[in-house]
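*Asks:* Pulled these from TrEMBL:
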type	residues	note
ACT_SITE	D92	active site, proton acceptor
ACT_SITE	D272	active site, nucleophile
BINDING	D92, S93, G94, G95, F96, D146, Q193, G222	substrate binding site
BINDING	C310, C312, C315, H344	Zn(2+) binding site
DOMAIN	13-376	domain 'tRNA-guanine(15) transglycosylase-like'
Amino acid sequence: MAQFELLARCHTTRARVSKLTLAHGVTMLPTFMPVATQAAIKGLTPQQVDALGVTLILNNTYHLGLRPGIKVLSEAGGAHKFQGWNKNLLTDSGGFQLVSLSKFTTITEEGALFESPFTGEPTMLTPEESISIQHAIGGDIIMQLDDVVASLTPDRKRVEEAMERSVRWLDRCIAHHTLSGRQDTQNLFAIVQGGLDFELRDRCLTQMVERKNSVAGFAIGGLSGGEEKDIFWQIVRQCTEKLPEDRPRYCMGIGFAEDLLVSVALGVDMADCVFPTRTARFGVALTHQGPLNLRLAKYAKDFQPIDATCPCPTCTEGTSRAMLHHVITRETAAAHGKLSVTLHNIAFQARIMGGARDAILNGTFPDYLRTFFANYFDAYPEWCVNALRSVGVDLVGEGSNVKVVPGSGAKWE
Ligand SMILES: [Zn+2]
């Protein structure tokens with residue numbers, strides 16, 4: 001099983017630094033996992049990703065199961081060999097993609113019934129099948145199949161049913177995984193459900209923590225579905241409070257810098273999102289001064305790099321904002337400019353998380369948060385102020401003239 005070693009705790013917030021040792025090496029937490037949808041981060045080589053210091057990426061089981069398919073992956077010796085990635089890899093259960101991408105999905109106690117995108121035939125994904133597919137892929141961390149409901153579902157009965165079923169499916173995943181004898185190299189994570197309901201979350205947490213000895217870590221699922229951010233952070237905080245100290249905590253589907261840093265302050269260790277790579281393809285570069293939309297005309301004559309302090313090849317090899325603007329707006333087929341922004345954005349995510357780790361180790365994490373917010377926002381999102389205040393960090397102390405606004409507060413220029 002994975003080795004999880006707690007190295008340091010923030011004296012003020014719940015943030016912590018830990019060392020997670022898996023079959024393909026050490027990953028320092030907290031970390032952000034880039035998403036490699038079809039066994040590749042779009043347009044990047046594994047070497048480019050590796051060179052940015054990324055040691056853990058996420059592969060989508062649903063996409064890999066379709067293309068190249070489990071048979072090809074098995075023949076290749078798993079997804080690590082298939083994609084030439086020799087660091088750590090996490091696979092999702094396939095359930096979420098299936099529910100969001102399949103034309104129809106029916107959830108029964110047995111599993112998720114969906115229409116095969118190839119044959120149109122009804123196909124069943126059971127908890128056991130999900131684990132078997134993830135065994136063939138060979139991820140270092142594998143996820144339980146859970147019963148996913150949208151976070152804004154108004155039907156409490158359905159949220160409760162999904163939560164209880166996710167616990168039962170966890171037991172089936174544990175049993176199937178245990179039988180396989182792969183626990184030494186592949187580590188199963190449970191996924192806490194219960195929607196935006198504190199009571200349901202609490203019941204799920206109690207039941208899943210009871211199974212602690214059979215799982216290597218816990219994920220917080222069912223968020224990032226457009227819910228109010230003030231509810232989002234309170235659910236995250238409730239989960240991190242009750243999850244065991246000696247297991248990694250993974251908040252699924254978050255990638256905005258402020259979401260990451262607030263979650264880390266609340267005690268989250270891992271996160272993933274398609275946002276940084278997807279937004280790069282639309283010409284948005286992430287920086288400590290906020291995101292830059294490189295499509296805007298004002299960058300046509302801006303000859304500085306995206307960020308002079310960034311160690312990524314795009315910034316260090318002299319590519320200017322003007323050049324990127326030119327490529328993105330005129331040569332949509334030319335992948336180079338887009339690729340470069342993708343590489344830069346992955347580097348940015350790695351830097352803010354690496355910076356958080358250093359600050360926690362040095363005992364300066366509250367200052368790190370204050371500096372980050374001061375640089376990144378003109379007006380602070382109210383929910384961030386509330387969330388950080390709950391763990392002892394006041395972003396807007398007395399006499400501060402910072403503007404606090406409802407909503408995201410993000411500047412996108
Ligand atoms: Zn860069």
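Backbone N, Cα and C define each Cβ position, glycine as well.
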*Asks:* Among the binding-site residues listed here (G94, G95, G222), identify the one with the smallest other-Cβ count within 10 Å.
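*Replies:* It is G94 that, of the binding-site residues G94, G95, G222, has the fewest other Cβ atoms within 10 Å.
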*Asks:* Look up C310 (Zn(2+) binding site) in the DSSP assignment and report helix, strand or coil.
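*Replies:* Coil, per DSSP.
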*Asks:* Hey, for the Zn(2+) site built from C310, C312, C315, H344, who else sits with CB inside 8 A of the CB center?
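*Replies:* Apart from the listed residues, the neighbours are P305, I306, D307, P311, P313, T314, T316, L343, A347, F348.
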*Asks:* Can you tell which of the recorded positions D92, G94, F96, D146, Q193 lies nearest to H344 (Zn(2+) binding site) in space, using Cα positions?
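*Replies:* Nearest candidate: D92.
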*Asks:* Sequence gap of 6 or more, Cβ distance under 8 Å: name the residues on the same chain that satisfy this around C310 (Zn(2+) binding site), in order along the sequence.
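*Replies:* Within the chain, C310 (Zn(2+) binding site) has Cβ neighbours under 8 Å at T287, T316, H344, A347, F348, R351.
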*Asks:* May I ask which of the recorded positions Q193, D272, C312, C315 is closest to the residue listed as 'active site, proton acceptor' if we compare their C-alpha atoms?
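*Replies:* When the Cα distances are compared, D272 comes out closest.
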*Asks:* Calculate the distance in Å between the alpha carbons (Cα) of C315 (Zn(2+) binding site) and G94 (substrate binding site), and round it to a whole number.
*Replies:* 36
*Asks:* Taking only the binding-site residues Q193, C312, C315, which have a CB closer than 6 angstroms to any atom that belongs to ligand 1?
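*Replies:* Those binding-site residues that pass the cut-off, since their Cβ is under 6 Å from ligand 1, are C312, C315.
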*Asks:* The domain 'tRNA-guanine(15) transglycosylase-like' (13-376): mean pLDDT?
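*Replies:* In the predicted model, the domain 'tRNA-guanine(15) transglycosylase-like' (13-376) has a mean pLDDT of 92.
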*Asks:* Fill in the CA-CA distance, F96 (substrate binding site) to D272 (active site, nucleophile), as an integer in Å.
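*Replies:* Cα-Cα, rounded: 14 Å.
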*Asks:* Please report the distance from the Cα of G94 (substrate binding site) to the Cα of D272 (active site, nucleophile), rounded to the nearest angstrom.
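*Replies:* Cα-Cα distance, G94 (substrate binding site) to D272 (active site, nucleophile): 15 Å.
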